[in-house]
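These notes concern the structure reproduced below.
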C-alpha cells in the first residue's frame, strides 16, 4: 500500500479567494461579504425614501399630500403605505399592478414596499457586518447580538404587524408625522400604552438611558490620571494599556448611595447590554401580539361600574373613552373606502372628552 504525503494546493486564481481577498482587504471603509447585502440595500432604502419624500404624492393611497413638491416639510413629508385594496402585494415594478410603469408604481405606493424590504435587509446586513468584523479581529459578537433589538422592532412594526392586518396600508408610513399618527392609531385601536410588553420596552429604553448616563458620569468622576491634553478627549492615548479610572472608588461611591453596587465590570456592562436589548425584544413581541389582535389588560369591572355609576370614573375608564374617540375619528378619516357611518350610541360619551 502506498501512502502519499503532501499538501493540497488550490488554484491561486480561484474566484472565491479573489473575491474574499478584495472584500476583506484592510481599507478605510470595510466592505466584507456582509457589504454585498448591506450597501446595495441601504443605498436603495435611503434613496427610495429621499425620492418619495421629495416627489411622490400620497393622494392615490391616502388622499394626502406627502412630498416636498406638494408643500410638505421635513416633519410632514413621508413615503406612504399602499392603499388597503392592494392588501399584501409586494408591488413589484414589473408586477400586475404597475406593469412596468414607474409613475403608476409610485402612485400605488410601490416605494413603501421597496423601502421597507430593502431597509429590513439593510439592517440585517449591518448586523452581519458586525459579526464579520468581530470575527476578523477576534472579538465576541455581542455588538451584533445587541443590534438584533432594533431589527426585531423594525421587522415587527413595519412587516409583521401589517401582515397580521388586512394589508400594508396599516403599517407606519416612513415619515415623522406619519409615525406619530401611527402611534395614535396603536393607542386608539390596541390600547398600546397599557400593554405589558410596551411597558417593558419603555422600562428597557429609559432604563438604558439612565444606566448610560450614570456609567459615563461615574467613569468621568473617578479618573485618577490626567494627561497634558486640553480636555478629556485629548488627554489619553486610545491605545493605552492601563486603565485611568478607579472601579474600586466607583464601587465605594454607589455602595454608599444605594447600598448596593456593581463589583464586577463584566456584570456591569452585560447589564447595560441586557436592559435595552431585552426591552426592545419585549416590545417587538408585543407588536407581534397586536398583529394577531391580541388584547392586553381589560379591566371590565371598572368599565361596567363606570357605565352604571355616573360618579365613578378612573384614569383607565377615561383612557378607554379617549381611545373610542380616536377610533371614531381615525376610522372614517383613514379608511374612507369603507364608508363607515357610526351611530350615535357608539360615539364617545361622558366627561372624559
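Even glycines carry a Cβ here, placed using N, Cα and C.
Noted in Swiss-Prot for the protein shown:
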BINDING   118  chlorophyll a ChlzD2 binding site
BINDING   198  chlorophyll a PD2 binding site
BINDING   215, 269  Fe cation binding site
BINDING   215, 262  plastoquinone binding site
MOD_RES   2  phosphothreonine
MOD_RES   2  N-acetylthreonine
TRANSMEM  41-61  transmembrane segment
TRANSMEM  125-141  transmembrane segment
TRANSMEM  153-166  transmembrane segment
TRANSMEM  208-228  transmembrane segment
TRANSMEM  279-295  transmembrane segment
Practice problem: Do me a favour and check the Cα-Cα span between the residue listed as 'chlorophyll a PD2 binding site' and residue 269 (Fe cation binding site); whole Å is fine. | Solution: 24
Quiz prompt | Candidate with sparsest Cβ neighbourhood (10 Å radius) among 198, 262, the listed binding-site residues | solution = 262
Quiz prompt | Tertiary contacts of the transmembrane segment (208-228) (same chain, 6+ residues out, Cβ under 8 Å) | solution = 234-236, 244-247, 249-250, 253-254, 268, 271-272, 275-276, 279
Quiz item: Relative to the Cα of the residue listed as 'chlorophyll a ChlzD2 binding site', which of the binding-site residues 215, 262, 269 has the closest Cα?
Solution: 269
Practice problem: Ten-angstrom check, please: count other Cβ atoms within 10 Å of the Cβ of residue 269 (Fe cation binding site), all chains counted. | Solution: 14
Practice problem: Could you check the binding-site residues 118, 215 and say which one's CB has the fewest neighbouring CB atoms inside 10 Å? | Solution: 215
Self-check item: DSSP three-state assignment for residue 118 (chlorophyll a ChlzD2 binding site)
Solution: helix
